Each structure stands twice: as C-alpha cells, then as structure tokens.
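First up is the structure itself, then whatever we jot down about it.
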Amino acid sequence: MDSKGQFLESPLLEEGNSSLKNAIQHTGDGSVCIRGYPASKEHTGKWKASTLTIVCSFCTYLAVSSIAKNLVSYLTKVLHETNVAAARNVSTWQGTNYLAPLFGAFIADSYMGKYWTALIFCIISIIGMLMLVLSATLPLIYTGPNILPDCMDTVSYQYIIFFGLYMVAIGHGGQNPCVTSFGADQFDDSDVEERTKKSSFFSWSYFILNVGSLISAIIMVWIQDHKGWIWGFAISALFVAFGVGIFLLGSTVYRFQKPGGSPVARVCQVIVAASLNFNKDLPCDSSLLYEIPGQVSAIDGSRKLEHTTGLEFFDKAAIVMSSDRESSGLLNKWRICTVTQVEELKILIRMLPIWATMILFPTVLAQMFSTFIEQGMVMDKHIGSFEIPAASFQSVDVVAVLVLVPVYERILVPVFKKFTGMANGITPLQRMGIGLFFATLSMVSAALVESNRLQIAEYKGLVDQNVAVPMSILWQGPQYFLIGAGEVFSIIGLNQFFYEESPDAMRSLCLSFSLANISAGTYLSSLIVSLVPVFTAGVGRPGWIPDNLNEGHLDRFYWMMAGLCFLSLLAFVFCAMRYKCKKVS
C-alpha cells in the first residue's frame with residue numbers, strides 16, 4: 001500500500017491485468033481487422049461499421065427495386081408482351097435475383113470472405129446497369145425515342161436488355177447475403193450487449209431497404225414513365241456506384257471473419273464418414289464422440305457446437321477408431337469428423353422443413369410485382385386530377401413496413417417480452433408464422449376486391465372491353481398493407497432465423513437460403529401463373545388471367561392462393577413445433 005492508502009500492483013498482478021485488458025480490447029468471436037490483426041472492440045465494428053453496409057444495401061436495393069417495380073409495365077408497353085408472358089418473365093427475373101445469393105455466399109464462406117465477394121458482385125451489377133443504359137440510349141442516338149436503328153432487329157435489342165437485366169440480378173443477388181451477414185458480423189457474439197443489438201440490426205436494415213423501395217416506387221417509377229427509361233436506368237447505375245464507394249470507405253473499421261473452407265466438402269466428409277461407420281454402434285456417452293480439445297473449433301471462423309439428439313446416423317461420423325489414424329498421426333477427415341462438423345450438417349437438415357413450408361409467402365409476395373399491378377392497371381387510377389401509376393401503388397406496402405418496423409421494435413417487442421420473458425419478445429419462428437397468416441389475409445383481400453371489380457365491369461357492360469373499370473385503385477390498399485405487415489414478420493424473421501441458427505462458418509450461405517426461399521417462391525409463382533391458362537382457358541373460355549382481365553376470373557386465382565397459403569401455414573406450425581435449435585459451446 002502506498003502513502004495514499006492505495007494498493008500497489010505486483011509484477012505478476014500487472015501481467016494478469018495486461019492479459020485481461022488485452023482480452024477486453026479485442027473481440028471474442030475471432031474477428032480481425034483488414035490487416036489481419038485481432039479486431040479492436042473500441043475502434044472497429046458495431047453500428048458505425050454496420051451502418052455503412054446498410055447504406056450500401058440501400059443504394060443497390062433502390063436501383064434494383066426501381067427496375068423490379070415497373071418491369072411488368074416495361075415488358076408490356078415497350079416490348080409489347082402479353083400479361084401472362086410479362087408476369088412469367090418478371091417472376092423468373094425476380095427468382096434469379098434471389099437464387100444468385102447461393103453462389104455468392106458459397107464463395108464468401110469458402111474462399112474469399114464476405115467483403116471481397118460483395119465488391120466483385122457489386123461491380124457485376126454496375127456493368128449490368130450500364131448495359132441497360134446502353135439499351136435505352138441506342139434508339140435515341142439513331143432515329144428517335146421509339147424507333148430502333150436499322151442495324152438492330154427487335155430480337156437483338158431484347159437480348160441486350162435481358163442480358164443487362166440478368167447481370168443486374170446476378171450482381172445484386174450475389175452481394176446481398178454477403179453485405180447483410182457482413183453487417184451483422186460487426187456485432188460480437190461473445191458480448192451480450194452487442195448480441196442484443198445484432199437482433200435489431202435485421203429489423204432496421206430491412207426498414208432502410210424499404211425507404212429505398214419507397215423512393216423507387218414513387219420517384220423512380222415516375223421518372224421512368226414520364227422522363228424515359230434512359231434516365232431511370234442511369235440514375236440507378238449512379239446509386240449502385242455510390243453505394244460501392246460508401247462500402248469501401250468503411251474498410252478500416254470493419255470486422256472480418258475468416259472463411260472456413262468449403263462447407264460442401266465438410267458436409268460430404270460427414271456423409272462419407274457416417275456411411276463407412278454405418279455398422280458401428282454409437283457410444284452411450286456422447287462425450288466420447290470425437291472433438292478437438294480446447295475452446296477453438298477445428299473449423300476456421302466457427303465456434304464449437306454441442307452435440308444434439310436426433311439424426312443419430314450422422315453421429316457415427318464422429319466415432320473414434322484406432323484405424324482412423326494415418327501414418328502421419330493426423331486424423332483422416334473422410335473417416336472421422338468432429339462433433340461440430342456433424343452438427344453443421346444436422347442444422348442444415350433441420351432447416352429444410354422450415355425453408356420448404358415458407359415458400360408460399362414469397363409466392364404471395366410475387367403477386368405484388370405482377371398480378372397486383374395488372375389488376376391496378378384496369379382500375380381507376382385517378383385521385384382528383386392526379387393519376388397514380390399502378391406500379392407506384394406498391395408504396396402502400398412500403399409505408400406499411402416503415403410504420404410497422406418501429407411499432408414492432410418499440411411497442412410489440414416490450415409487450416411480447418412481458419409475456420414470454422425473451423429478450424427479443426418472440427422467436428424468429430413465431431414471427432415467421434404470424435407473417436404467413438398476414439399473407440393469407442392479403443390474398444383474401446385481393447380476391448374480394450377483384451370480385452367486386454368484376455361485378456362493376458359486368459354492370460357497366462365493360463366485360464368485352466379491355467379498359468379500366470370505374471373502381472378506385474385505393475381499394476387495393478388493404479392487400480398491399482397486409483402483405484407489408486407479413487414482410488415485417490416473415491421476411492425479417494426468416495433472415496434472423498437463418499443467420500442465428502446457422503453454423504458460424506456458414507452464415508452467408510445460410511442467410512442466402514432465406515433469399516433462395518424467395519427465389520423458389522417467385523419461380524413457383526411463375527409456374528402457377530403459367531399453368532393457370534392451361535387448366536382454365538379453352539374454347540370459349542378466356543381463363544382466369546386473360547389479356548382482358550374484365551372477362552377473366554383473377555378473383556378465383558387469388559382464392560386459390562389464399563387456400564394454398566393457409567395450408568402452408570398449418571404445415572409450418574407443425575414443423576416449427578418440432579424444430580431443435582442449435583447449441584453453442
């Protein structure tokens with residue numbers, strides 16, 4: 001003790017405190033800075049870093065959303081496609097946009113990391129945008145706004161457009177899970193306070209994306225319709241370039257997770273090892289299964305996972321036998337795997353039923369970009385002297401999200417927390433189920449609106465005329481609002497579920513599963529829309545979705561979708577009640 005009554009630290013105590021300060025100074029989840037050193041808790045990550053990723057996502061999403069929201073109008077009015085063909089092509093393009101994440105996430109988790117993978121796919125997206133600008137510029141350079149140059153036929157012109165569109169879809173889709181999971185990685189899982197903030201990251205990230213969606217629905221769609229597509233495409237390209245620049249600005253404050261190697265190889269190793277040991281008995285004590293000693297996992301960028309019951313066949317991949325050792329003394333990964341590696345595969349298998357039963361939500365969501373717009377195009381779009389483009393009415397969905405995300409975070413979560421005792425109010429699975437229920441209600445609302453519209457068309461004698469019916473487009477408001485409410489619960493819950501339940505070294509890949517779910521749903525929508533004329537149209541029967549919707553029965557299509565969505569909800573509840581969450585050591 002010194003003269004002031006304070007205890008002096010011994011050299012041994014100082015050394016212990018130095019180690020403690022060093023542990024506090026750096027993150028506990030193994031993340032590193034851009035130079036490869038352990039990431040500083042104070043100077044890297046958290047909201048200051050994740051905000052930059054959100055801005056990047058905002059810019060890229062605004063650009064892609066401005067194309068998606070008005071694409072059906074572009075296909076029908078500029079390329080003169082039929083309603084069925086336009087709806088099918090929009091759904092296929094949207095599906096590609098949500099399927100590309102699988103490829104981008106695999107590269108990120110396996111080899112390049114999320115940061116560099118995101119940059120590469122953003123550049124691909126910029127190239128696609130520039131091709132769309134070129135496709136809109138060529139006719140103007142030669143002979144006028146609506147005439148193609150003599151050296152270019154319609155088919156060649158369409159090839160340029162579609163090649164640019166799909167480059168945008170692949171580029172945006174490839175970077176999407178990388179940027180999102182990279183933003184979530186900026187919060188340390190080993191820190192309770194930061195882990196709580198990570199949960200809010202998904203809600204506020206989706207909130208900001210919908211701000212971009214609102215801007216695209218109101219401003220960008222208006223620019224496309226009134227100022228020309230060249231301006232719409234050019235502004236979109238500038239937004240993507242700006243987003244990439246903002247993303248690069250944060251390079252020195254980001255936290256990076258090391259790629260863990262090919263997840264496909266690890267999954268195959270478990271299957272092969274379990275198959276080779278299929279005739280061996282599992283030990284009664286699961287602690288006898290193989291796992292490396294210490295706190296660090298054998299997989300880079302991953303924490304250890306505890307053994308869980310169920311799917312016991314794959315546990316046989318972790319049975320230790322003396323013959324499993326090679327001459328070098330190292331274990332053969334194709335004959336024996338760690339418990340963590342086995343649990344990775346179990347997690348993926350358990351996710352599949354949840355993934356499958358959620359497909360109907362994006363199938364319903366896809367109607368907002370196709371049949372909802374086609375329905376709005378044959379309704380009265382005037383509010384006083386102002387005419388609302390049918391595609392711009394999607395802003396009701398966006399407004400619903402912008403209103404309900406703060407309501408959910410600030411009001412519903414505390415209310416749910418009082419009843420459940422959970423920090424986040426409800427589980428991601430419960431959140432997803434509520435979203436499916438809202439999707440069902442949206443289809444019911446759309447069916448009721450269409451039934452009423454058809455009655456007015458018949459009463460006014462407009463059945464044989466492909467004209468707008470004197471029924472205000474404002475009646476579409478409830479169906480858009482309900483699908484927006486469903487997004488707040490299902491889409492955010494889906495992203496949170498696949499990120500939180502995924503193995504640490506597969507987070508981009510598993511997050512891409514949520515986007516692939518949307519892809520599967522849009523492809524399913526495309527398939528259903530294509531099959532509807534096959535089974536409903538014939539001699540003397542225009543079908544449910546003809547070019548002239550006044551003589552069709554789009555209401556029956558919506559009732560069918562409502563029924564399918566309700567059945568999907570029942571299947572989801574059954575699977576969710578039996579889902580077994582992962583356990584981290």
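Placement of Cβ uses the backbone N, Cα and C atoms for every residue, glycine included.
According to TrEMBL:
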type     : residues : note
TRANSMEM : 115-142  : transmembrane segment
TRANSMEM : 154-171  : transmembrane segment
TRANSMEM : 204-223  : transmembrane segment
TRANSMEM : 229-249  : transmembrane segment
TRANSMEM : 352-373  : transmembrane segment
TRANSMEM : 429-449  : transmembrane segment
TRANSMEM : 511-537  : transmembrane segment
TRANSMEM : 557-577  : transmembrane segment
For the transmembrane segment (352-373): best-contacting stretch of 204-223, 429-449, 511-537, 557-577, by Cβ pairs under 8 Å: 511-537
Outside the transmembrane segment (429-449), six or more residues from its ends: residues with CB under 8 Å to it: 354, 358, 360-361, 364-365, 367, 372, 375, 475-476, 478-480, 482-483, 485-494, 496-497, 555-556, 558-559, 561-562, 565-566, 568-569, 572-573, 576, 579
Cβ-Cβ under 8 Å with the transmembrane segment (204-223): same-chain residues at least 6 beyond its ends: 54-55, 57-59, 61-63, 65-66, 69-70, 180, 183, 231-232, 235-236, 389, 391-392, 394-395, 398-399, 401-402, 405-406, 409, 487-488, 491-492, 495
